[in-house]
C-alpha cells in the first residue's frame, strides 16, 4: 500500500472518499424532514413491528425442543430475527412452537395454552412427530398437531436442525408482512387476510429436478 501525506480534498473531483463529501443544503428544514419522516401505510408499519419482534412461548415436548433452544446460542444467534425473547406465559407470547411428540394426554393442554394466547398469534410445527406423528403411528400419539390447532409453518426433520428453525422464522416473517387484519377491535368476523404462501417443496421443485451434477453410485 502506498502512503501519502497529501491532504484529501473532500470536494475535489478525484475524491477517494465520496462519503465525506459536504452537501450544500438550501433548505435545512427539508433535510431534517427527509431524515426523520417516513411515509408509508400503517398496516405495513404494524406488520413490520410484528414480524421483527416475535415472542415465542417457552414450551417443548421432546427432542426437537433441544434443537430449538440450540438456535438461541451464540453460534446461531436467533436474536438477529427478533425472536430471542422466550415467554413463560402464553398471555405474553404470540408464537407457539410445538417441538416434539404430541401425545393424546398433552393435546388438551396445548389447546388450552393456545386459547390463552392473544391475537395475533402463530404456530410452528417443528419435527416429524409434531407434523404427522412421525414414527409413532399408535393410539397414544396425535397424528399431527394441526388436528386441533391451526399451523402456519411446518418444519420437517427428525429432529430438524437449528438452521431449519430459523428458516421457518423467516418464512413466518414473510407471511406476517403480507397479512391484513383490523387495527382495532371488531365485532364479528375479524376479516383477517393471510397470504397464500407457496410451500418450499413446490418452490424448489424446479431446482430439485434440474439434475446438473450426476454422482456415481459409489458416491451416493
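Each residue, glycine too, has its Cβ placed from N, Cα and C.
The [4Fe-4S] cluster binding site annotation in Swiss-Prot covers 63, 64, 129, 158, and the record cites sequence analysis as its basis. Cβ neighbour count for residue 158 ([4Fe-4S] cluster binding site): 12 (other Cβ atoms within 10 Å of its Cβ, all protein chains included). For the recorded site, residue 158 ([4Fe-4S] cluster binding site), the DSSP three-state label reads coil.
Cβ-based neighbour count (10 Å, all protein chains) for residue 129 ([4Fe-4S] cluster binding site) stands at 28.
Scoring each of the binding-site residues (63, 64) by how many neighbouring Cβ atoms lie within 10 Å, the top position goes to 64. In sequence order, 62, 99, 100, 101, 126, 127, 128, 130, 134, 157, 159, 160 are the same-chain residues whose CB sits within 8 A of the CB centroid of 63, 64, 129, 158, the residues recorded for [4Fe-4S] cluster being left out.
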